[in-house]
Amino acid sequence: MYPELRSRLYQGDIVLPVSRNAIMSDYYKWPKAIIPYTIHYNFTQDERSKIRTAMDSIESKTCLKYVDMNGVNATQLLKEVGHSEYVYIGRERNRGCNAMIGYHRDMGRPHNMNLDSPSCISHQGTVQHELLHVAGLLHEQARADRDKAVTIYWENIDKAYWPDFSKVPDNVTSTFGLPYDYTSVMHYPRYAFSKNGKETIVAKHEPSMSLGQRTGATVNDLRKVNAMYNCNGAAATPNTNSGDYRGDEYHIF
């Protein structure tokens, strides 16, 4: 369910270099909200379709556009966005699910995103988790105000994984005024990186509640994207006919 946690990277699935102010600084936002990408040839057509479906779902509720470099006039696209950066979606075996955070100008190499199949593609939310990292979103439990919402049980976490539960200072990130989203597609599950089978992260107001999910992006995940990219007129609105509806902030698309 959470294959990205198996990657031995910063906070499980974040590829360095990564600046912790990715969600705050315009420098780390993809220009014109366009994210060019290519997919490695060794993905099957069915796998490509699943990746594209995850992109389409995000696009339908935000102003982000994931544009396949192989399906457009590349020269015209580069002229439109004003840069040559793009995301390379690969499938390196035994590397799990991971991605770089946000846009990095003049990197000199692709922005890598790895989806080891089938585990990383079996749930749309897992693909969206990495796609939203690419857009600039960090993990929900990394919010500076998270201690008001959840308790971290450090004694149940191997010290080697403690950095994965670090908070990001509020002077370099923004919540955009959105409430803590316990069911965010960007949230860790309750037993993430447990060394003894005990809970590592628990909701304060309802200790038994599930945390995170990989069904798909929630309303507040997408509202955060819209706020970050100033997506006027592209607000994420509830659709009570699908997902796990618990009110706007918990709705899953």
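Here the Cβ of each residue, glycine as well, is placed from N, Cα and C on the backbone.
Nobody curates TrEMBL annotations by hand; they come from automatic prediction.
Copied over from TrEMBL:
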ACT_SITE  E130  active site
BINDING   H129, H133, H139  Zn(2+) binding site
DOMAIN    21-232  domain 'Peptidase M12A'
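Here the features listed in TrEMBL are painted onto the structure.
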residue: H129; record: Zn(2+) binding site; CB count, 10 Å: 29
residue: E130; record: active site; CB count, 10 Å: 25
residue: H133; record: Zn(2+) binding site; CB count, 10 Å: 26
residue: H139; record: Zn(2+) binding site; CB count, 10 Å: 23
Pop the mean pLDDT for the domain 'Peptidase M12A' (21-232) in here, whole number is fine.
92
Using DSSP reduced to three states, classify H139 (Zn(2+) binding site) as helix, strand or coil.
coil
Quick check: in three-state DSSP terms, what is E130 (active site)?
helix
Nearest-integer angstrom distance between the alpha carbons (Cα) of H139 (Zn(2+) binding site) and E130 (active site):
11
